[in-house]
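The block underneath contains the structure these notes are about, expressed in structure tokens.
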């Protein structure tokens, strides 16, 4: 391809720019060979004429297509040059915020100066196990590549981190070590990975300092080797350091600081333990205040110092050593502040003896003050004959002091590094290691000295190794692909290295000059000029005679020779070192004792003169001088050679750190500084080497998919893609040197991919033009057809309009004629009607006149008739009214009589309060008030009536008197008082009338008020009724509202409870998971201890306990926890403390259990003591004072003897009872098979009846004897009234019998003799009847005593219960009183409401109490029913057996020749086995069982068999058998799962069986909650004796562990398929176009085989999972949860890879994802698993796929994205938008402004800071109860299980 084709119009190029280094421009005119300039247009539309150097023919660099910009790998760029690299890094850093970029085998890391959330544990797990080119560039990807190559190739690895100060080297190395510590964590409890990480704070404190470029700059180089064992777990580490910058201890430039440890120590000087250091603020010391500001913004030195101390402690540095270290550091600060005074002569100096800093220095280091004061100002000169002591000038003393301070710090630094290595050292054999080299990058300053020279020398060596490694990889790639290759000419810096380190090189000349007694820097510089002036890498500056220039690989550097000799010598006077060697502190003395120097320290007297000859010291001084010939340069060269040997023996991985700007601004890119560092760190050299060969590599398949558009149609018929690619390239690229065909790839020269992209774009552009032409022609045709159709339509409508208008005219004309006709007719008709109406009117008036005349005559006649009618009617009505009035008067009188009677009854009833209460319940108070008012008025009326009656009687009496007087006067002659009497009578009559009128008025007023009151009462009753109705309505409304609110609240509470339950279940299952991990670890440790121990005297557990009993973590029926604890303690003693400390958690748990049991035992003992004290108090209170006391010792002995006898007899009775039960059972069994056996059951009943009768007789005898003894005792006491009485304690606590002291003692001795000698009772009498009677009476007395004790206990319990009831009643009464008081204070309405509430609460409490009582009664009823069923069944079996025996006996008697076969009983669903067969049962049924053996059997058959065995043990009431069987089963299942920890089928098999066994224990537990679906037959199979609730919990925990293991296995099988199937495989063929990949795609970590999977592979695998779980009878609910968890894992892994891979964030990937998700949803629906919630777990992935396909330009698009992506966090949305990559040039990138808009709209979200989903998250599993429909007696046991020893019951 010619130059003219490349540099054509619209081609974009790069031109140099003084500000931006490179600037983009576009050609406005084609370039022709020979042109002297290019016509360019800049990005700001400025026109520029760019001149071209015709002689060199250097055209500007071409710019890559936009589709290649932003690539993960710089080698994927088609044009490989400096501007392309710089632009790609800038776009990734500023627009996408990606700080990591690959450049071939180099990881370029740009310091963002900001904390990014890309280093969490989730990111580490996401990169773990991934190939390097599959994910986005990251430091974790480099670490994973090193770890994987170490594990696969078994070769040591190195990670070389370099860069200038402030570029982030230390942080990158720290993250790499964190990755190794997380992925390769130690298998033991040594926590070596934590120690490796803990070394970082210490090394940063003593080796890092603030510089002008970096606040935490490493001032030394370090190489950390992390050792791994054969399982690739970290076992140890080792650190090597290089070239510590000692000069910083004594000098700091402006705005710089000394090492951090000095400032940290000063910040912590106020602590009590540091008072003796005599430190103050850092500004007070010379060595820490030279740089100015002593603080760093955002850094707390005191807090950092605490972290440093914690790191020291973690690494095992003792507290005393830490204090010694801090003393040495503080002494250096004091040494720097010593004041040195110059004498007058100028040749000598002195130090004041009272100098406080010198005193503190000597005190802290433990050296003599006088000697140090002397030798700081003097030095010793040794000649061949004598030794002289000479004074020093002020500058010499200062130099010597600074040299001593540097030497002390360097020795302390080396000591700390040595002890860190000791702490990180391991005794185990190291299998391999990974080294992390954190070393300074290439440095160039305005003034460069010895340190910069050594640093750049080291970088020259590293660059040489880097170049050779890159060249080696290129050569290997070409040889692997079998393509011809030529030697690539790359920059070889060996001449520069030879200039420095070769013979008579710069270092040799420097060492030689240091040996010269009066050598100077100027002389050494002159020798350099003379020796190396001819070298091409050495130059002499024009204006200086003390500087020299070395041409390094990165740049020219000018070094100033001043100080080279002094720094290279690193001179420290021997006298000062000897003083330090003699320190009284061991650590200080050890710092300066060199093993290679056996010379003891020499001391001098205090008063030494200036010339003292010490002959004996001369030979040692020569030896020490030989040692001092090893200069700093020589030591550095040696250590550098060792480092290079180590690196050459490993596989290196390179990390180049770039500092984007000097101002430390976050995400700010300075192109000048970036280019300078890219040149210095070798990135551009890598690009140049790659560009010199074939930098672009394409797989044939990818090339064919990308450039298929360039293939001709006839060539596509060929099926061989390689042949097609060959023909295409030969046709497109004419120069055969521009490409090569490898075995699996096509190799291109630089620029060829861009050319192919241009051809592809042109092809697409041509096709686009063709499509546009065709579409535009089609659009024009469509437009023409549309116009033609519109024209025809218009014509049709116009013609129709004209035709309609003509028709309208014709219609109008015809209508006008019709209108005329009708108008004329109307006029004629109107004239006719007018004439006719006139004639009719005349006729009407005439006829009316005649009619009126006739009407008047008729009217007159009618009126006369009417008058007659009315008169007659009036007369009849008057007669009728007279009769009617008479009848009405009679009716009224009668009705009045009846009404008065009814009124009287109503008044009586109305006066009663009961009536008013019935009428108005709620208005009692008002009715009472009205009643009172009526009563008052009645009283008033009564008083008035009484007054009236009195007045009337008075008037009557007065009238009678007056009548008598009148009669008297009439009788008396001569008098005529008639006039006066008449007047008086008249006056009395008027008064009487007035009184009658007043009475009538009062009666009227009373009746009126009474009516008003009645009316008011009626109104109040009506109002009360209305109020009642309103109240009922309000109550109904309130009830409805309360029901609604209650329903809502119940829904909310249900949701909250469900959430809390899920959280609790998740926490519990996490605890179960942690327990299983601890259990696994315990098993591993125990196995390791067994292997290590290998001793014949191994202690075994008892046979009745399982070896794994402590692992099962469930309560035992018979095993003691204390016994387990003692076993654990004994095992600890056998193993030893050190090894036992590895599992201290188990020991602590056991110890805690022992303490709990001890506390429980103490509590029980205290309760027992209290009970005994109470009993003793009762005994002391009960006997009267006249009782006689026994001897205390005898009494105690007698009581203990009595207790022993009772216990022995109790045991004997229990044994007799058990023997009787067994005898009855055996005889019942024999009755079924034998003939004519006696009825043992009836015999036993008879015996019990006889024993009962005997007991009654004995009771009567005892009562008779007791009365006789009491009466005799009373007679005896009556005769001894004068003697003193002694209180006696009865032999039984509740007995009322009083015994004499002598009789009691004799009885006690007799009992002792009978118990000790076991003699016969024959000594009492010959027949022994008295002894037997006494024995029986004693037993009867004991029985009576027991009954009395039981009665007393019942009485006490009854009293306590009554007391508690009394207290409860008192509390209830108090509450009622309080409630009553509160009620009185309320209003009447509130009182009613409150009363109702109280009544409701009371009824509710009573209801709850009744419910509890009913539940208890039901429970007791169930128990009694169970017992009744058992007894009924036994009785039925016994009766059946008796009937069968009788019938057989009769048949046998009738005909003995007939043989009757016994009918076998039905199988009861129980399996019996012997105890010794338990191990065989577990082995055949659990340990050795394969799921394939039960392929045709009932699912979960082992669970059913185990339950039938448990049921038989329950039937026989054998708790030890139940415990042993369940324990062995659980431990056997655990062993099987541990052995098959990667077998999905086996794990699923035992999960289903464990769940089924758990369901059986629930279904047949007897709990009605689990028996609702049982049949009557299944209810017979319930457990009778044992409650296995605790074992159900253990089985539930075991099921959780098995479920978690099942999920782990399934995830392990699915995880390798997910990324390939969901993201990489083309489910829709031809949809995605392949982008150029890069150098990284040939990562050595990738296997040669094809590991690609398609979605069908995932679906096939899930089909296999589903088939296995269904065939093995796993519960459907658990299957749903399994697939929900697996779909969540698919979602998390896919989304995490999408968030970490730029190459898959495209529109086509979104389409592929949506298609794949739809296929998975279809699979779920096909398997009826869509209800599992698996689709909901895929919601984040669905939204991510939609986000990739949405439009991303406008504000509306941003709002749509924010409303759609609710399941994605803000970080995830922004990350996907940043990663979005167009697959061709027709798509546009997402702009930064659009991303900022998204971020602004999502600010209010409270999303978690975590970027990635937790792929290890596990949903809590729930095992719902799923009863079986099978009955135990229907299960058949196949012969393949080898369980013949099980007997069906």
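Just so you know, glycine gets a Cβ as well, placed from its N, Cα and C.
Range annotated as region 'Actin-binding' by TrEMBL, chosen from 525-547, 548-570, 571-593, 640-662: 640-662. In TrEMBL, the feature region 'Disordered' is placed on 598-630, out of the ranges 433-465, 466-498, 598-630, 664-696. Looking up the ranges 1126-1146, 1147-1167, 1168-1188 in TrEMBL, the one annotated as region 'Disordered' turns out to be 1168-1188. Residue ranges 1007-1035, 1036-1064, 1065-1093, 1094-1122 are listed, and TrEMBL annotates 1094-1122 among them as region 'Disordered'. Looking at 792-843, 844-895, 896-947, the range annotated in TrEMBL as coiled coil turns out to be 896-947. With DSSP classes pooled into helix, strand and coil, the tally for the region 'Actin-binding' (640-662) is 9 helix, 8 strand, 6 coil. Across the residues of the coiled coil (1334-1464), the predicted structure has a mean pLDDT of 71.
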